[in-house]
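As written in TrEMBL, here are the features:
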DOMAIN    8-64  domain 'RNA polymerase Rpb7-like N-terminal'
DOMAIN    83-203  domain 'RNA polymerase III subunit Rpc25'
REGION    159-179  region 'Disordered'
COMPBIAS  166-177  compositional bias 'Low complexity'
Amino acid sequence: MFVLVEMTDTVRIPPWQFERKLNDSIAEELNKKLANKVVYNVGLCICLYDITKLEDSYIFPGDGASHTKVHFRYVVFHPFLDEILIGQIKSCSQDGVHVSIGFFDDIVIPPESLQQPAKFDEAEQVWVWEYETEEGAHDLYMDIGEEIRFRVVDETFVDTSPTGPSSTEASTSNATEEVQKKEAPYTLVGSISEPGLGLLSWWTNS
């Protein structure tokens, strides 16, 4: 679930921090820049693990700050494909079951990856597994807040870097629609379509 990623960056330290240890100032600046941010094709950055190398620091004309090229390792949330995780159901919609693991919410289990046969209950706004037994079908509801075990089957990264307007003729209404359609920079796709996966309450004795 968590991996160490080697990174390189140039860190700017303002003059009023020169009295501090260089490593402490650099660690603080790196965490300000990266913590809780998604790096494209890398994952969700959690915290600095260590600094492996510091190159020479430079002060450029017109800027009293020091600039140091830093090689470091960062703790990143990036589950591998087929890894099994446990989270909580955050909401349900026609698009599937939306899951949260506390610090990361952009997880979706699409309808085709649920235990089958499944249906969406419009009144309750939850998905239901129609579990077949010898006595008939039993409706097992995927209620919000329930713990759920799922397998990671896919991931999607979206480049959310700011871009300039594509055309000077773009209307305000189009810009508003783009804001509303803003996508998450990192999304996990899960599956519960195999025995042992799904709500924990399904597989434990009450």
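Positions of Cβ are set from backbone N, Cα and C atoms, glycine also.
Within the model, the domain 'RNA polymerase III subunit Rpc25' (83-203) carries an average pLDDT of 81. Secondary structure counts, DSSP: the domain 'RNA polymerase III subunit Rpc25' (83-203) has 16 helix, 55 strand, 50 coil.
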